[in-house]
Amino acid sequence: MQKLLIILILFCILKFNVDVEGRTATMCDLPECQERCKRQNKKGKCVIEPEMNIVYHLCKCY
């Protein structure tokens with residue numbers, strides 16, 4: 001029972017560290033982005049847009 005409690009506490013600590021340090025909401029896959037924009041006869045580019053404490057990696061077609 002104690003081992004299970006220790007594992008649960010460690011999991012919560014690690015989860016908290018990831019939430020604090022890595023606040024990335026979405027990831028942009030450049031090849032997929034370029035392919036999607038190519039269908040619209042545009043060029044695709046991954047851009048970073050910060051909003052409050054979260055960073056968004058979005059696909060933009062130009």
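Easy rule for this one: first residue shown is 1, then count along the chain.
Any Cβ shown, glycine's included, is placed from N, Cα and C.
Annotated disulfide bond per Swiss-Prot: CYS28-CYS46, CYS33-CYS59, CYS37-CYS61, in sequence order, evidence recorded as sequence analysis. Per Swiss-Prot, the feature signal peptide maps to 1-22. Among the features that Swiss-Prot reports, site 'Basic residue of the functional dyad' is placed at LYS45, with the record citing similarity to another entry. According to Swiss-Prot, the site 'Aromatic residue of the functional dyad' annotation covers TYR62.
Closest in space to CYS28 (disulfide bond), of the recorded positions given as CYS37, LYS45, CYS59, is CYS59, taking the CA atom of each residue. Note: the CA-CA distance between CYS61 (disulfide bond) and CYS33 (disulfide bond) rounds to 8 Å. If you take the Cα of CYS33 (disulfide bond) and the Cα of CYS46 (disulfide bond), they are about 7 angstrom apart, rounded to a whole number. Candidate recorded positions: CYS37, CYS59, TYR62. Nearest to CYS46 (disulfide bond) by Cα distance: CYS59. Sequence-distant neighbours of CYS59 (disulfide bond) (same chain, six or more apart, CB under 8 Å from its CB) are CYS28, GLU32, CYS33, ARG36, CYS37, GLY44, LYS45, CYS46, VAL47, listed in sequence order. Summary for the disulfide-bonded residues CYS28, CYS33, CYS46, CYS61: the Cβ-based neighbour count within 10 Å is maximal at CYS33. The Cβ neighbour count for CYS37 (disulfide bond), using a 10 Å radius and every protein chain shown, is 17. Note on LYS45 (site 'Basic residue of the functional dyad'): other Cβ atoms within 10 Å of its Cβ, all shown chains, come to 15. Packing around TYR62 (site 'Aromatic residue of the functional dyad') is summarised by its Cβ count: 8 other Cβ atoms lie within 10 angstroms of its Cβ, all protein chains included.
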